[in-house]
Amino acid sequence: MRNLSEARLTSIWRIIVCVAGGLLSLVQMASAQPLTDSDTEQVRRGEYLARAGNCMGCHTTRGGEPYAGGRKLNTPFGQFVTPNITPDKETGIGSWSGEDFWQALHYGKSKDGRNLYPAFPYTEYTKVTRPDADAIFAYLRSLPPIAQTNPPHKINPPYDNQALLYLWRKWYFNEGVYQPDKSKSDEWNRGNYLVQGLGHCNACHTPRNVWGASQDDQLTGGKIMGSYWYAPSLISPLEAGVSEWPVEDIVELLSTGINSHAVTSGSMATIVRQSLQYLSDYDIRSIAVYLQSLGEKKGDAKAPRKARKMPEQVRQYLALGQEVYEKHCQDCHGQSGEGIPKIYPPLAGNRNVTMSPPLNTIRNVLYGGYPPATAGNPRPHGMPPYQHFIRDTEIAQVVSYIRNAWGNRGSLVSPEDVDNSRGSEF
Amino acid sequence: MKFFAFIFLAMISGLASAAEPSSSGLSDTLEERVKPCIICHRDADRIDRDAYFPRIAGKPAGYLFNQLRNFRDGRRYYQPMAILLENMSDEYMREIAEYFAAQPYAYLEPVVPALTPDEIKSVETLMYSGDPERDLPACSACHGEKLMGVQPTIPGLLGLPHAYLAAQFGGWRNGGIMRGQIPDCMSEIAKKLTQEEVNALVQWLPGLPVSGQSTGADALTPELAQRCRTILSGKEVTR
């Protein structure tokens, strides 16, 4: 046994020596290149910032080459296809200069001067600083060029009209790098910059008007364009406002995908996997501090109506839901909806369950899912998809039940609501 | 206030369960973690003849892992699997694949196929000899003499529901919904078969009892090992 471990140790040393030697020669090779240390440092920073902005999330198709684009975003204005942003000269941005990239990110203008559609969130990216933009560009330049031509957008008339886009920008686009608020802490400002700028949380968490413009900078929630999920308000204590959560709990949810009282699902689970789990402790904490400051306190919200006595008909409807719950849900989520913290989310007091619209909870029941596999939660427990096993009427009953059991209060859900919640981008 | 009290309670119980895992009554096992799979891919005692869902227990781990990745990365299309797996890591999916590969089979009792003796004869020829004229290899050449699959990535064909088999052939023949690996051997093969042959195959296969294990990789002829090399190598796909 000892011999074996000695042999192992020796071979480990050999590996270390070889790797060190390899690194040394790499360093020597690198020093022969015109690249300087500050260049590689910039590329590394750019890689991190590209993660924080989750550029890859849109600029990669499922299973496709990273950053080669081709992902289709279906919106009421038509289908947008994300471009290839690898440094390929013909099909990517290989012929772009740093100035061209800045024009796109900051002003929403393509290299040829065309106005870009705001499906590319330059309305948020405009807040990104020039050094950060340059670092991201340096990183993209360092990627292997991928020759991949993506299909053109299919934009419905009249939205394909550049003049209309010009007007849209006049009305809704406010160009300008983020200006720190000197009365607030560095953490708060960093969080604001990441949430409102690079992280473009607004892209989902603000309601959009009929022209597809975010109503304002308030993260008051909305149905996600091009997705089937509802992005809850980050302000309201009835949705996902976190003013009453300790900063540590917010950090845990955003970096691991789960905490004792909540779990991420749908589009947010994907954001945690692709982006948030890679953020530095300082950055994720800054986001948490900023989000905590945004939320309204429970007392600020409308006082919940005094619980009235339920009509007999409603009681019967909920009793049917309870039967479904006991049969399919109770094993994991518990008799009193208490769940198992960090494994199966509690349903009692869970705002994802009670918030309006009930879209996300219905989708959780229909499609199930695993929370994101992250460094902090690498082997998550999951929720089975019930779409093949429970009829819409029963899903409506059980969702109505959990929205009104154990002190929860929420509107009743109908089978039509269940059917209207179907759909996926897959 | 209630909400606070709830968070407090939730935190307390979180601490308690961290200190004493058994207090939640939940065992820290993979079995608990794959509950979302089991609702469709049932245990042996709950298997349903009319269900669409294939057995996954006892299939080669490499095959299961490849399929999980294909579902997640859009190379094999099935919406419920795509949604379920969207945020899974390769490491975790490999662990799940190995778990199911080691499970005892949940198989269906054989169903006598409603086929004429001629049809049976032509299916058996395809199955064990193939058709050199159409460049069709024998099914058994890849899927093993006992049709129970070949380690590490070729699936067995027995103990699968008729509806599932029929749907897979439909997918391969029509393309689009089934985008396998490259070379996509089953698409090429399925497109060369006639509809009558497919109908007979998917009736004949559920008629065979499940027996034996999947065989080792050395059972492949060098020609087939070459043909399926990208699948066998299980090339990691970057995400």
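Backbone N, Cα and C atoms are what each Cβ position is placed from, and that goes for glycine too.
Taken straight from TrEMBL:
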- B:1-18: signal peptide (SIGNAL)
- B:C37, B:C40, B:H41, B:M81: heme c 1 binding site (BINDING)
- B:117-209: domain 'Cytochrome c' (DOMAIN)
- B:C139, B:C142, B:H143, B:M186: heme c 2 binding site (BINDING)
The answer, for which of the binding-site residues B:M81, B:C139, B:C142, B:M186 has its Cβ ringed by the most other Cβ atoms inside 10 Å, is B:C142
Near chain A at Cβ under 8 Å, of the listed binding-site residues B:C40, B:M81, B:M186, we get B:C40
Not counting B:C139, B:C142, B:H143, B:M186, residues with a CB within 8 A of the CB centroid of the heme c 2 site are B:P137, B:S140, B:A141, B:I154, B:L157, B:C185, B:I189
Cβ density check for B:C37 (heme c 1 binding site), other Cβ within 10 Å (all protein chains) comes to 19
Students should find that the Cα atoms of B:C139 (heme c 2 binding site) and B:H41 (heme c 1 binding site) sit apart, in Å rounded to an integer, by 25
The average per-residue pLDDT within the domain 'Cytochrome c' (B:117-209) comes out at 88
Between the two most distant Cα atoms of the heme c 1-binding residues B:C37, B:C40, B:H41, B:M81, the distance in Å is 12
For heme c 2, with binding residues B:C139, B:C142, B:H143, B:M186 per the record, max Cα distance (Å, no decimals) returned as 12
Counting only residues outside B:C37, B:C40, B:H41, B:M81 in the same chain, those with C-beta within 8 angstroms of the heme c 1 site's C-beta centroid are B:P36, B:I38, B:I39, B:F53, B:I56, B:P80, B:L84
Using DSSP three-state counts, the residues of the domain 'Cytochrome c' (B:117-209) come to 54 helix, 5 strand, 34 coil
According to DSSP, B:M81 (heme c 1 binding site) sits in helix
DSSP, reduced to three states, assigns B:H41 (heme c 1 binding site) to coil
For B:M81 (heme c 1 binding site), the closest of the binding-site residues by C-alpha position, picking from B:C142, B:H143, B:M186, is B:M186
Listed in sequence order, the residues of the same chain lying six or more positions from B:H143 (heme c 2 binding site) whose CB sits under 8 Å from its CB are B:G149, B:V150, B:I154, B:P155, B:G156, B:L157
